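Taken straight from TrEMBL:
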type: TRANSMEM; residues: 58-78; note: transmembrane segment
type: TRANSMEM; residues: 111-128; note: transmembrane segment
type: TRANSMEM; residues: 140-160; note: transmembrane segment
type: TRANSMEM; residues: 180-203; note: transmembrane segment
type: TRANSMEM; residues: 230-255; note: transmembrane segment
type: TRANSMEM; residues: 267-289; note: transmembrane segment
type: TRANSMEM; residues: 296-317; note: transmembrane segment
Amino acid sequence: MRSPRLMLSLLLALVLLALVLSLRYGSETLSFSALRQALDPADSRHFALMEYRLPRTLLALLVGAALAVSGVLVQGVIRNPLASPEILGVNHAAGLCSVSALMLFPALPVLWLPLLAFAGGLLAFVLLRRLAGHSAPLRLALLGVALTALYASVTDYLMLSRPLEINQALLWLTGSLWGRGWPFVWVALPWLLLLIPLSLLLCRDLDLLALGEEQAHTLGVALPATPHRALLLAVALAAVSVALCGPLSFIGLVAPHLTRRLIGGRHHWLLPASMLVGALLLLLADLLARTLHPPLELPAGVLTAIIGAPYFFWLLMRTR
């Protein structure tokens, strides 16, 4: 049996390594000595490092962690291995609200995007629960995919009806960290500093919910308040992430599953470890997006989809 503390330490070391690599590689590759020199404000590379690479790297770390925690919460409450914010349509509904704001109100401050995305994600999740009820995992996932297609179609129609604003929306919809500076980090931080600690407080209740609602209630879990609170936190985390970086596919699905295989299912370890795995996945996806075809840059969302889609198909086959 792997030691959870050892695995957490290893994951933390990998995240720190990915963070350093993300700062080193870009339009110009910096050696370790050049990276140290660039920390000096007098260095010609200081501005690019501190105003472009560093905030982008920190945002990738924060958003990856948030999406992973969101996935853990959804899977823990629904007890469904196929559940995640993107599979259930929450991300695309949040994206629809954000795109609507970007297209209809181009001067809207970035501060408002998480609120609008949260409203869209929450409505989407309520609709899905109404339609699906207590369906089997496969049916719930397929219904989520159908609703995702609906939200994507409405988003496409909105963009085609306003061609002058389409470029900004297209870049955002692919799921990209390009051009994300300090304002995006400052918007993300207060949300995540509030939502992630609240999520960690639910670890014991999520462990008990895995035993079934009847037994969890007998052991002191407040029903239905606790599941509703967990799902509200999950939707908020996913919505903030989508509002800032666009819909980054499959991190909320893949990160919790990989972490369970590494560390087990106890949420006391699963939640913090999933945060590290989610951050690592997005840091690596963004790093590859910048370095595969220089000087062109791929959206990070393309890389996460390439990784996540086969994993989702594999889970579908196992669930049948």
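Cβ atoms are placed via backbone N, Cα and C, with glycine included.
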Selection from 58-78, 180-203, 230-255, 267-289, the stretch that has most Cβ pairs under 8 A to the transmembrane segment (111-128): 230-255
Sequence-remote partners of the transmembrane segment (58-78) [C-beta within less than 8 Å, at least six residues beyond its ends]: 15, 19, 22, 84-85, 88, 140, 177, 180, 184-185, 188-189, 192, 195-196, 199, 202, 206, 209-210, 227, 230-231, 233-235, 237-238, 240-241, 244-245, 248, 251-253, 255-256, 259, 267, 270-271, 274-283, 286, 300
Folded-back contacts onto the transmembrane segment (180-203), same chain, C-beta under 8 angstroms, at least six residues removed: 51-52, 55-56, 58-59, 62-63, 65-66, 69, 72-73, 110-111, 113-114, 226, 229-230, 233-234, 236-237, 240, 244-245, 266-268, 270-272, 275
For the transmembrane segment (230-255), sequence-distant contacts whose Cβ falls under 8 Å of one of its Cβ atoms, 6 or more beyond its ends: 59, 63-64, 66-74, 76-77, 82, 84-87, 90-92, 94-95, 98, 110, 113-114, 116-122, 125, 171-177, 180, 184, 187-188, 191-192, 195-196, 198-199, 202, 205-206, 274, 277-278, 281-282, 285, 299-301, 304-305, 307-309, 311-312, 315
